[in-house]
Amino acid sequence: MPFRTRYTGLIDKYRDRLPVHDDTRIISLGEGNTPLIRLNNIPRVLGKDIDIYVKYEGLNPTGSFKDRGMTMAVTKAVEEGSKAIICASTGNTSASAAAYAARAGITAFVLIPDGKIALGKLAQAMMHGATVIQIKGNFDEGMQLVKEVGAEAPVTIVNSINPYRLQGQKTAAFEIVEELGSVPDFHCIPVGNAGNITAHWMGYSEYHENGIVNTLPRMVGYQASGSAPFMRGKMVDDPDTVATAIRIGHPQSWDKAWKVHEESKGWFDECSDDEILAAQKLLAEKEGVFCEPASATSLAGAMRDIQSGKIPEGSKIVCTLTGHGLKDPDIAIQQSTAVQAVDATLDEVKKAILANME
Ligand SMILES: *Cc1c(COP(=O)(O)O)cnc(C)c1O
């Protein structure tokens, strides 16, 4: 019969590479299997001969890559008998935790920072019935509190310090290899807590160790300038950036990410908020792909390194787009041209159309 097998999520697909048993009850919303989109117009804008793809992780069930890790973390929490999960979050982790907890029938507690949380993410956590606690502090302070609560109360921490998170997230690298038929030369990725860059490297390395691929990519991690501890070489106490998902000054996977940097012979770099927003807009306008600001950091950095030749022509590049553009409607509207208001007459509408057609 010419029908495809129904896709039932990444744990089902990569069962033999993940820490689950045959009788594990899997908590899934059909995450993973996201599009790898080849950019057609941006290479032309750059005037460079490059093969560049975006991995559109915004098309996961709750709109970010966090779902890859959350399906694993919540599956294991339930397996271990946990009745509640907790996380600190700049937004996407809480949205994902709330949804998977709802699916599993357990309780979710989320600690979000004071202000600077994108509206879409907050709406998700609230809608899925999580207990949302807003602290008068930033993400790093929330993370510290969650670790303290986790040590005292019967709740499972589902931040990326939970090792099952990275296990789930490594599957993005598997998908990329399977789709490209090889590893990319460069994998560019936004860095906040640095769990995702670590997880991707785990995935590529696992395929390499198993002889499925015979090369490895260079991992390139980009941070926002106001929030760039890997560039400063030390923790940043008061991080600030428009890319709220990576507004993190004390990365939880600090040592792991430096190891990725060394082993993959990659590098870290930083992008200004202006560069990040310009890349977000360019991608939306030239390719029809809408990602949130933090996600565009990978493309912003890659474009600069392509232009300078640090990423040479002829390279195959993958940029991870970590979250969907609809997560942060305020920033999107702020940087777009205002809507034109006209009278509801054919004349006025015609005039408005002709004025915009050259
Ligand atoms: C969580 C997140 C990141 C950062 O990932 P880390 O694993 O913390 O480095 C980047 N972008 C978006 C949209 C995120 O939600």
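Count begins at 1; order follows the chain as displayed.
Here the Cβ of each residue, glycine as well, is placed from N, Cα and C on the backbone.
All TrEMBL annotations are machine predictions without curation.
According to TrEMBL, GLY192, ASN193, ALA194, GLY195, ASN196, THR322 bind pyridoxal 5'-phosphate; the candidate from ASN41, ASN92, ASN138 that the record adds to this site is ASN92. Other residues of the same chain near the pyridoxal 5'-phosphate site, with their Cβ within 8 Å of the Cβ centroid of ASN92, GLY192, ASN193, ALA194, GLY195, ASN196, THR322, are PHE65, SER160, PRO190, VAL191, ILE197, ALA245, ILE246, ILE248. Taking CA atoms as the reference points, GLY195 (pyridoxal 5'-phosphate binding site) and LYS66 (N6-(pyridoxal phosphate)lysine) are 10 Å apart. When the Cα atoms are compared, GLY192 (pyridoxal 5'-phosphate binding site) and LYS66 (N6-(pyridoxal phosphate)lysine) turn out to be 13 Å apart.
Neighbour list (ASN196 (pyridoxal 5'-phosphate binding site), Cβ cut-off 8 Å, at least 6 residues apart, same chain): PHE65, SER160, GLN169, ILE189, PRO190, THR320, THR322. When the alpha carbons of LYS66 (N6-(pyridoxal phosphate)lysine) and ASN193 (pyridoxal 5'-phosphate binding site) are compared, the span between them is 12 angstrom. Here the binding-site residues are GLY192, GLY195, and the one whose Cβ sees the fewest other Cβ atoms within 10 Å is GLY195.
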